[in-house]
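Enquirer: Quick one: the structure is below, and I'll ask about it shortly.
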Amino acid sequence: MGHCYSRNISAVEDDEIPTGNGEVSNQPSQNHRHASIPQSPVASGTPEVNSYNISPFQSPLPAGVAPSPARTPGRKFKWPFPPPSPAKPIMAALRRRRGAPPQPRDEPIPEDSEDVVDHGGDSGGGERLDKNFGFGKNFEGKYELGKEVGRGHFGHTCWAKAKKGKMKNQTVAVKIISKAKMTSTLSIEDVRREVKLLKALSGHRHMVKFYDVYEDADNVFVVMELCEGGELLDRILARGGRYPEVDAKRILVQILSATAFFHLQGVVHRDLKPENFLFTSRNEDAILKVIDFGLSDFIRYDQRLNDVVGSAYYVAPEVLHRSYSTEADMWSIGVISYILLCGSRPFYGRTESAIFRCVLRANPNFEDMPWPSISPTAKDFVKRLLNKDHRKRMTAAQALAHPWLRDENPGLLLDFSVYKLVKSYIRASPFRRSALKALSKAIPDEELVFLKAQFMLLDPKDGGLSLNCFTMALTRYATDAMMESRLPDILNTMQPLAQKKLDFEEFCAAAVSVYQLEALEEWEQIATSAFEHFEHEGNRIISVQELAGEMSVGPSAYPLLKDWIRSSDGKLSFLGYAKFLHGVTVRSSSSRPR
């Protein structure tokens, strides 16, 4: 499989341009980030990475310098056969979200000009849309609007100043969302959800502050913190397209800190990209803040989302497969990390379909310059975020504990994935718990740093963790968003901990992820060492029927499972132990080489 190489991220005029939501438009761009810069022949036909909120600040680049972090020459990437394009259903989904009109039907046009509910293509009439949100009504009396500083599909953002109250004379940013564009119940619900998210998440150091929300007959006004330092993308361009490692680490710690926070609240952003991070000021050490939760959503601990949203260059493979969770945000951060360190996009295509094929099939290039000069730990960090298997991808909390970022002394947050792993462990069979205990004794010291931090964040009592420890830890971090996503419901499935405690050794067995360990280069040594422990402490005679029950498979799997049991003593072989740890299905097992 070859590599996809990046291209210019500059504005282009006469080609397909994906919007901030990943949609391709054939119309010329109306907002050029650097209109004075001539179009390069190399950049012709390159989709623009378009911002939802266009930066109001002038580029620091001199005229004639290509405004792009993409320095790698473009190369054509040919496939042996054209795969089905995922672009069409994505475009359709985005059109529905924005309330675009459906395909024409042989029906009379309603004479009434009032908005009606879009029934998604069903024939017949509809109900009038209720666009009354119940927000405050006196925006004009409290704020004086200034110039426009950004514009997107769903609205525009203006500078404003408070006229009265505690915030008198304070400058703010006001996102103005036109009610005329709310042409479906989905688009109305998107606005309600965005406001609810901003309210719940405001207050974290790296989240844009939410102040208030108002409405009138025509618009919704969301009053937020004004970040005057411009976009992260502009800073990347100002530095010639890439960041030195030491500076990239400082940026990524801030991005991961915010992401770990809203993931713990049960929120998935779904559109993380350099344009959606703003600096509070022009200072080099300015604080970075995440913005634009217009595509974000609440997600339950046992839920997978299936609607395809986001920006093409940053979309995760599982999003294209329509089954994803918070891991999709981590892929986007992996793309941002790649750009920060080398100045190129890891996946490129002339069209959205080509970009998506590249995301699904190609591997990022870590061979060309400047990668040979970048530290091995930095490359490992990026690779573990750009793993196409979402189960092997680091969480935000795990990424903060990665050796590459450890010198930055990032404050670690509780990782909700620990709750899901512990829940599975305490509900597992004794045989599986023995296998995981053996694996925990082979965990590398570098990985133990994360587990030790999580153990202490759960505030153990008398050296152990009870159900109350898990409950109180969630309570300490809870916001209204966590209640909306119903994450505390997982505590109802952890009742066995009401009668016992987990010491640190057993916590490691419960909270270790087999897939995370498999992503490490030393996985073979880890598995071998773990099997040696299992041979001494947990391996026993097991029948094919019992093993099938442990794996939750039927009699059709017996021939396969028989190969996992040693004929000499009836115990699990090394192959059987590794497969048993995975809990893989028969289909996935038989498709892998032995």
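Think of each number as a place in line: the chain as shown, counted from 1.
Backbone N, Cα and C atoms are what each Cβ position is placed from, and that goes for glycine too.
These came from Swiss-Prot, pasted as-is:
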- D271: active site, proton acceptor (ACT_SITE)
- V149, G150, R151, G152, H153, F154, G155, H156, T157, K175: ATP binding site (BINDING)
- D462: Ca(2+) 1 binding site (BINDING)
- N539, E546: Ca(2+) 3 binding site (BINDING)
- 37-58: compositional bias 'Polar residues' (COMPBIAS)
- 143-405: domain 'Protein kinase' (DOMAIN)
- 446-481: domain 'EF-hand 1' (DOMAIN)
- 482-517: domain 'EF-hand 2' (DOMAIN)
- 518-557: domain 'EF-hand 3' (DOMAIN)
- 558-587: domain 'EF-hand 4' (DOMAIN)
- S311: phosphoserine (MOD_RES)
- S573: phosphoserine (MOD_RES)
Enquirer: Rank the recorded positions T157, S311, N539 by the number of other Cβ atoms within 10 Å of each Cβ, and give the residue at the low end.
Expert: N539
Enquirer: So what's the average pLDDT for the domain 'EF-hand 4' (558-587)?
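Expert: Value for the domain 'EF-hand 4' (558-587), mean pLDDT as a whole number: 87.
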Enquirer: Of the residues in the domain 'EF-hand 3' (518-557), how many are helix, strand and coil by DSSP?
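Expert: Per DSSP, the residues of the domain 'EF-hand 3' (518-557) fall into 27 helix, 1 strand, 12 coil.
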Enquirer: Sequence-remote contacts (6 or more beyond its ends) of the domain 'EF-hand 2' (482-517), Cβ cut-off under 8 Å?
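Expert: Sequence-distant neighbours of the domain 'EF-hand 2' (482-517): 196, 200, 264-267, 298-302, 389, 391-392, 394, 398, 416-423, 425-427, 433, 436-437, 439-440, 443, 447-448, 451-452, 454-455, 460-467, 470-471, 474, 523, 526, 581-582.
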Enquirer: Roughly how many Å separate the Cα of N539 (Ca(2+) 3 binding site) from that of S573 (phosphoserine), to the nearest whole number?
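Expert: So the Cα of S573 (phosphoserine) lies 9 Å away from that of N539 (Ca(2+) 3 binding site).
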Enquirer: Going by DSSP assignments with H, G and I as helix and E and B as strand, what are the residue counts for the domain 'EF-hand 4' (558-587)?
Expert: 16 helix, 3 strand, 11 coil
Enquirer: Quick check for the class: what is the C-alpha distance, in angstrom and rounded, between S311 (phosphoserine) and the residue listed as 'active site, proton acceptor'?
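Expert: With distance taken Cα to Cα, the residue listed as 'active site, proton acceptor' is 6 Å from S311 (phosphoserine).
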Enquirer: Around S573 (phosphoserine), how many other CB atoms lie within 10 A of its CB?
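Expert: Cβ-Cβ neighbours of S573 (phosphoserine) within 10 Å number 17.
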Enquirer: Nearest by CA distance to R151 (ATP binding site): which of the recorded positions is it, out of D271, D462, E546, S573?
Expert: D271
Enquirer: Roughly how many angstrom lie between the C-alpha atoms of S573 (phosphoserine) and the residue listed as 'active site, proton acceptor'?
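Expert: Cα to Cα, S573 (phosphoserine) and the residue listed as 'active site, proton acceptor' are separated by 45 Å.
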